[in-house]
């Protein structure tokens, strides 16, 4: 390994392998087609490649234990034995089947809740607190360290979720008890760290991204006490506390922690970490892990500008105490841009995925360790390339910018709004007089079988012509329309069989997007997504969903929803250009979707769903930034939908976030019906709605689609009744909590049948009461 006087590192590296071998290994095991030994061997092989890649890139401090079989938060839960009682855990090491059961559920035990990791599209499995003291079931970080050292001779840096962040995200702890629970973890963390020290580990990275969230002063005081106790447990271990995704909430408290290295994000901090560094200085005895390469987006860094910035930092922190690294784990970007040979040359040359970001990191370290003509030329070339990309003509569509400016001006004069909800509701009731009380629907996608994926592949490869593929899709849509009718669903969907991904599909139909071939990233579990690359101004060119939706509607007298992905979700689930403000890109997307909604209405589609599952995901982590974000996110949604006729029922959908602080934002979006995930969250949203009323149409997801288990009728019935205690029956809808794309057909049909049966029970109880009130 090349040794630099200035060290390099990364907080983490992608897990999935260059060809998603990780995903394939997991799914083979879950399908019963491989043994746990075969799974372990394949996942170990993939990890070996990861470690070797970082080693070959010249990374000095290589992370270990950032690799996971599912989710790193879940790994900590298993390490500490915090297994909910419903899984009948009797102590000892958590095996693979129990680990996966926590994440995916079983027929007898509901999976643990899944939610977004800060404001990313990565999902973690939420730990649960039942009052049981944590215990060290197995030292996973120690195992990871040994494997790296034995196989590659790597002196790894174990990466562990820090105690404050882990405890802050445990569900079931009352706010006033959280610090007491934090102290209960000192012993088990101390034992884990002591065992690492005993093995000869030199440094350990404790990830504390929760330090960027709002923290009361008493929390900082408790954190300082906890870290002082951990130092006593492992006095010779070098402690590295890493933050990311924003600026630390209290810089002075952070730098006073009794640790050796402090990691700061200087990319997504909005300048606050830098300002605090310049105002308060930096402790003379500590190292600064400088997060200067963007770990969350895919664009090349202007290394010339980065070098100038680092020179200014040297006035505060001598470069000998730097560790240069990306701003966060590279888990959030694809592995390498080298294979993306089919992209337009200007786009391809602007990209830097994980491997390229390691190269950028190493180059900066080489330059500041031993500047040379070679390093200076490489920095200059980087700067010139980035500047050329900023003015690349293929990114510019001035006619779109001008038309959007005019639309915003005229709509703002009118208030960017539709008729009041009560008036719209009456018009929509007249349009669909047979729609029953407690209408049932689904979120949009239906199961995409291996046959569907093969058909799509044949079409893409040219083995099928357009007519053959279109006929196949129509047959599949017809089959699922009939299935929905037979089950008794009230508002149908066409199934989205033509779509590989809810964002990629629309990006392919709009100008301004490019698509990678290998640009996969992990979203949750084995689920990987390939985000589109939004590189230029967005332009609507032709109708995107009308043909399939109109065909499905022609098959039935029941309403079929048009299915669109909303502007903020397309934005947040894409890799987005960084040369204009994000809100400008969102408004361009909204303008395009507004034109698609008009096309659907012209085709006779009267219910249109504009999904926005990623609105909360994109929320800034600090309250001072959140107000502006929600203002423009709501504006983008309303800009897309306010042109719809009042008789058109606009639906939206959100999932897998804590929506307790979003009710007012959701109300401002002014959708006629919103569907929210509640199945895994155990009624948290219901509790929120007890305190905050919601007058518009709403459906709370009644079962979890991310688990293969089929919920019983009485289980769904109980969830419906819980919701109806706080929501009006006249505006309540019943639906699963998300799209059904990843589920198999038998379990989907069984679950939907149970949902409809539970709905019939609820209708029978409530129809008489509604008639009496009328």
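Each Cβ is built from the backbone N, Cα and C atoms, and glycine gets one as well.
Where the annotation comes from TrEMBL, it is an automatic prediction and has not been curated.
What you see is a predicted model, and the numbers here were worked out from it, not measured in a lab.
Here TrEMBL has 443, 444, 445, 611 binding L-homocysteine, and the candidate from 392, 486, 496 in that same listed site is 496.
Same-site candidate for Zn(2+) 1 binding, as annotated by TrEMBL with 653, 655, 677, chosen from 642, 738: 738. Binding of 5-methyltetrahydropteroyltri-L-glutamate is attributed by TrEMBL to 20, 21, 22, 23, 116, 121, 527, 528, 617, and within the candidate set 129, 573, 632 the record adds 573 to that site. The Cβ of residue 573 (5-methyltetrahydropteroyltri-L-glutamate binding site) has 24 other Cβ atoms within 10 Å, all protein chains considered. Apart from 443, 444, 445, 496, 611, the residues listed for L-homocysteine, the same chain places the Cβ atoms of 442, 493, 502, 563, 609, 653, 739, 740, 741 within 8 Å of the centroid of those Cβ atoms. Separation of the C-alpha atoms of residue 22 (5-methyltetrahydropteroyltri-L-glutamate binding site) and residue 444 (L-homocysteine binding site): 28 Å, rounded to the nearest whole number. Within 10 Å (C-alpha to C-alpha) of residue 444 (L-homocysteine binding site) lie the following recorded positions from 527, 655, 677, 706, 738: 738. Long-range Cβ neighbours of residue 443 (L-homocysteine binding site) (same chain, at least 6 residues apart, Cβ-Cβ under 8 Å): 493, 611, 653, 675, 701, 735, 736, 737, 738, 739, 740.
If you measure from the Cα atom of residue 573 (5-methyltetrahydropteroyltri-L-glutamate binding site) to that of residue 655 (Zn(2+) binding site), you get 14 Å.
Counting Cβ atoms from all protein chains shown, residue 611 (L-homocysteine binding site) has 24 others lying within 10 Å of its own Cβ. Residue 116 (5-methyltetrahydropteroyltri-L-glutamate binding site) sits 21 Å from residue 445 (L-homocysteine binding site), taking the Cα positions as reference. Put plainly, the binding-site residues 20, 116, 653 were compared by Cβ crowding within 10 Å, and the winner is 653. Cβ-based crowding with a 10 Å cutoff singles out 677 as the top-ranked of the binding-site residues 496, 677.
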